[in-house]
Amino acid sequence: MRRKLVVGNWKMNGSRTANSVLLSGVVAGLTPAGAACAVCVPAPYLAQCEAELSGTPLAWGAQDMSAYASGAYTGEVAAGMLLDFACSYVILGHSERRAYHVESDALVAQKTVAALAAGLTPIVCIGETLAQREAGQTEAVVGAQLGAVLDAIGAGDVARIVLAYEPVWAIGTGKTATPQMAQDVHLLLRAQVATKNAAAAAGVQILYGGSMKPDNAKELMAMPDIDGGLIGGAALKAADFLAIVHAAD
Ligand code: PEP
C-alpha cells in the first residue's frame, strides 16, 4: 500500500569529485520497480545533483531550509531556492539541527508549513534522547514534536509529509532500535497523524533512522509501520546504500 522510501542524509560530507562517484554508483544500482530513493546533500551540491541526476530514478533534496521566503537572514537557504535546483525533498528538524542549532518544535513546524507551501516534500525528523527514553518520556517527546507540526499544517496537507523516527541515541552510534522498539513508536506516530486526518494517516510514509545498515535494514523495514529509512553513515558508500535500498524493494 505504501511504497518504501530510502533517503540518504549525507550530512556535511562530500566533494564534487566524490559526489560524482557516489551518485553514479547509486544510480547504476537502482531498479526501476524498487523502492523510491533520494539523497539529501549539502546545499552547495544541489546544482550538481540537478546536473547529474535529472532523468534518473534518484531524487534529491536538502537537509534544512529557512522558515522564511527571502530577506535578511544571512546564511539561510529558502524553499524557493531549493526549487530552483529541482529538489523534491527537504529534511526538517533533524536532531543535529535541534541540538546544535537550537531548533524548537515550533520552528520545525513553521519550516514544515513553508516547505509545503513551496511544493517540497518535508521529511520531518522526530526522536527522543537516551535520557528521555530512560525517563519514560519517549511518547511525550515524540508526541510533542509531531503535535507541533500537525497543529501547524492543514488537514489536507497531512498526505504530503514524510516522517522519520530517529531515536537520537541511535544516530551515528551504531546502536539501532530493535525492530519492535521502532515499530511501537511508528504505530504511535501513525495513530497521532490519524487524529488530524484519519484517511491520510494510512498513506503517510514513516521512515526509521538511526544506524540503519545493510545487515539490519531488512528486519526493520519488515515491520508493518516502517516504510523505509533515513540513512546517515551508510549512505556515503554506494554499495551500502544500495544494499539498504534493495532490502526495501
Ligand atoms: C541520520 O543522520 O539521519 C542518521 C540516521 O544517521 P546514521 O544512519 O549514521 O545513524
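Each Cβ is built from the backbone N, Cα and C atoms, and glycine gets one as well.
Positions annotated as active site, electrophile by TrEMBL: His94. Sequence annotations record features per position, and here TrEMBL assigns active site, proton acceptor to Glu166. According to TrEMBL, the substrate binding site annotation covers Asn9, Trp10, Lys11, Gly172, Ser211, Gly232, Gly233. Among the features that TrEMBL reports, signal peptide is placed at 1-38.
Everything TrEMBL records as a feature, shown here on the structure.
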residue	record	CB count, 10 Å
Asn9	substrate binding site	27
Trp10	substrate binding site	18
Lys11	substrate binding site	19
His94	active site, electrophile	28
Glu166	active site, proton acceptor	28
Gly172	substrate binding site	13
Ser211	substrate binding site	21
Gly232	substrate binding site	21
Gly233	substrate binding site	18
C-alpha spacing of the residue listed as 'active site, electrophile' relative to Trp10 (substrate binding site), in angstrom: 12
Whole-number Å value for how far Lys11 (substrate binding site) lies from Glu166 (active site, proton acceptor) (Cα to Cα): 15
Gly172 (substrate binding site) to His94 (active site, electrophile) - Cα separation in whole Å: 13
Distance in Å spanning the most remote Cα pair of Asn9, Trp10, Lys11, Gly172, Ser211, Gly232, Gly233, given for substrate: 14
Residues close to substrate site centre defined by Asn9, Trp10, Lys11, Gly172, Ser211, Gly232, Gly233, Cβ within 8 Å: Ile171, Ile231, Ala234, Ala235, Leu236
